[in-house]
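Engineer: Annotations per Swiss-Prot:
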- Arg153, Leu154, Tyr155, Ser156, Cys174, Val175, Arg176, Tyr180, Val195, Cys196, Ser197, Thr237: FAD binding site (BINDING)
- Ser156, Arg176, Thr237, Val269, Ala270, Ser299, Arg300, Lys309, Gly337, Leu338, Glu376: NADP(+) binding site (BINDING)
- 1-17: compositional bias 'Low complexity' (COMPBIAS)
- 93-221: domain 'FAD-binding FR-type' (DOMAIN)
Amino acid sequence: MATAVASQVAVSAPAGSDRGLRSSGIQGSNNISFSNKSWVGTTLAWESKATRPRHANKVLCMSVQQASESKVAVKPLDLESANEPPLNTYKPKEPYTATIVSVERIVGPKAPGETCHIVIDHGGNVPYWEGQSYGIIPPGENPKKPGAPHNVRLYSIASTRYGDSFDGRTTSLCVRRAVYYDPETGKEDPSKNGVCSNFLCNSKPGDKVKVTGPSGKIMLLPEEDPNATHIMIATGTGVAPFRGYLRRMFMEDVPKYRFGGLAWLFLGVANTDSLLYDEEFTSYLKQYPDNFRYDKALSREQKNKNAGKMYVQDKIEEYSDEIFKLLDGGAHIYFCGLKGMMPGIQDTLKKVAEQRGESWEQKLSQLKKNKQWHVEVY
């Protein structure tokens, strides 16, 4: 990605990040109140009926509470023809001006923060592959560099290369609004809120947005073997690239890629209201029970075996025998989300390896060498 890369680990910002605002005082806002789970809309808010894609009624995300019984045809298929992913088509000095299609809150009233699903129309001019990121330049002046624009913020893309409209013209982002609360007073300090996340979450259909990229190669979905196993571990908005993977595997009719392997998603969030794209993932369980597994770690609602809070590393430990066997068989494993999740996960994997009489350091080295290990944290 666009930041540091070391030992096959890319440290960058998945969807929902706002760089420079990662202090313990930052919390997601919860300033919209809903009485129940009817808080999601029924369709994506396209700018006009005249521009509404013909497949828009088949879009499946948290904004559409439905399941598609059959895969959706995509176009244009020449998006499959490139041998290498597009990289940095648009740079910060010459960004592409795209248009906001819709902004929808996708968490419930009890979620500790606000997360939005944002659809951007790039007109097919900024193509990307699953697992890549877009850079967003919010409007206004950089307070640290008078006269200069704000720095680019990276967001993992939450859609396939065809977008939620299946026509290759849109990109979806999953963005958590970053709000700063003074740790002493508990009051919000708007001057320290995340500039880019608030710009995106406050945007309206038709608003313009400056886009750079796409960037990143570490999280690209390996497609050489359509029967491979993919283990995906996410916290919060880190689920963004995995939504793209799963839509490509299970929702889209792509002649070049017929997935017949196993996709296993572990998603860690605070509570049920914080689950992202849950109905979409649940629909895959019903349609593809032999090819998809889905486990949730709800830290404020579930307990681990020691009666503590349930985190993704607890789920990994619970299924450790299966996970290690799958890794030994060549499975890919992906991590995306807050960087704070990695130490606990690494400790768990090391403990499990030792219980199996293995050296975790050697195993990790081999996984990286085999390009089975993919990490994107912020």
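Glycine residues also receive a Cβ, built from the backbone N, Cα and C atoms like all the rest.
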Engineer: Report, in whole Å, the straight Cα-to-Cα distance of Glu376 (NADP(+) binding site) from Ser197 (FAD binding site).
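Structural biologist: Each residue's Cα considered, Ser197 (FAD binding site) and Glu376 (NADP(+) binding site) end up 19 Å apart.
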Engineer: Compute the C-alpha separation of Ala270 (NADP(+) binding site) from Cys174 (FAD binding site), stating it in Å without decimals.
Structural biologist: 17
Engineer: Using a 10 Å radius around its CB, how many other CB atoms surround Gly337 (NADP(+) binding site)?
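Structural biologist: For Gly337 (NADP(+) binding site), the count of other Cβ atoms within 10 Å is 27.
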Engineer: Using a 10 Å radius around its CB, how many other CB atoms surround Ser197 (FAD binding site)?
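Structural biologist: For Ser197 (FAD binding site), the 10 Å Cβ neighbour count is 30.
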Engineer: In whole Å, how far does the CA atom of Glu376 (NADP(+) binding site) lie from that of Tyr155 (FAD binding site)?
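Structural biologist: Between the alpha carbons of Glu376 (NADP(+) binding site) and Tyr155 (FAD binding site) there are 11 Å.
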Engineer: For the binding-site residues Ser156, Thr237, which one has the sparsest Cβ surroundings, going by other Cβ atoms within 10 Å?
Structural biologist: Thr237
Engineer: With DSSP as the yardstick, break the domain 'FAD-binding FR-type' (93-221) down into helix, strand and coil residue counts.
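Structural biologist: Per-class counts: 11 helix, 50 strand, 68 coil.
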Engineer: For the binding-site residues Arg153, Arg176, Arg300, work out the Cβ neighbour count at 10 Å and name the residue with the minimum.
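Structural biologist: Among the binding-site residues Arg153, Arg176, Arg300, the lowest count of other Cβ atoms within 10 Å belongs to Arg300.
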Engineer: Around Ala270 (NADP(+) binding site), how many other CB atoms lie within 10 A of its CB?
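Structural biologist: If we count other Cβ atoms within 10 Å of Ala270 (NADP(+) binding site), we arrive at 21.
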Engineer: For the NADP(+) site made of Ser156, Arg176, Thr237, Val269, Ala270, Ser299, Arg300, Lys309, Gly337, Leu338, Glu376, how many Å separate the two farthest Cα atoms?
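Structural biologist: Overall maximum Cα spacing for these binding residues reaches 27 Å.
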Engineer: Of all the binding-site residues given, Cys174, Val195, which has the fewest Cβ neighbours within 10 Å once its own Cβ is left out?
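Structural biologist: Minimum Cβ neighbour count within 10 Å, taken over the binding-site residues Cys174, Val195, occurs at Val195.
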Engineer: Pop the Cα-Cα gap between Thr237 (NADP(+) binding site) and Arg153 (FAD binding site) into the table, whole Å please.
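Structural biologist: Rounded to a whole number, the Cα-Cα distance is 15 Å.
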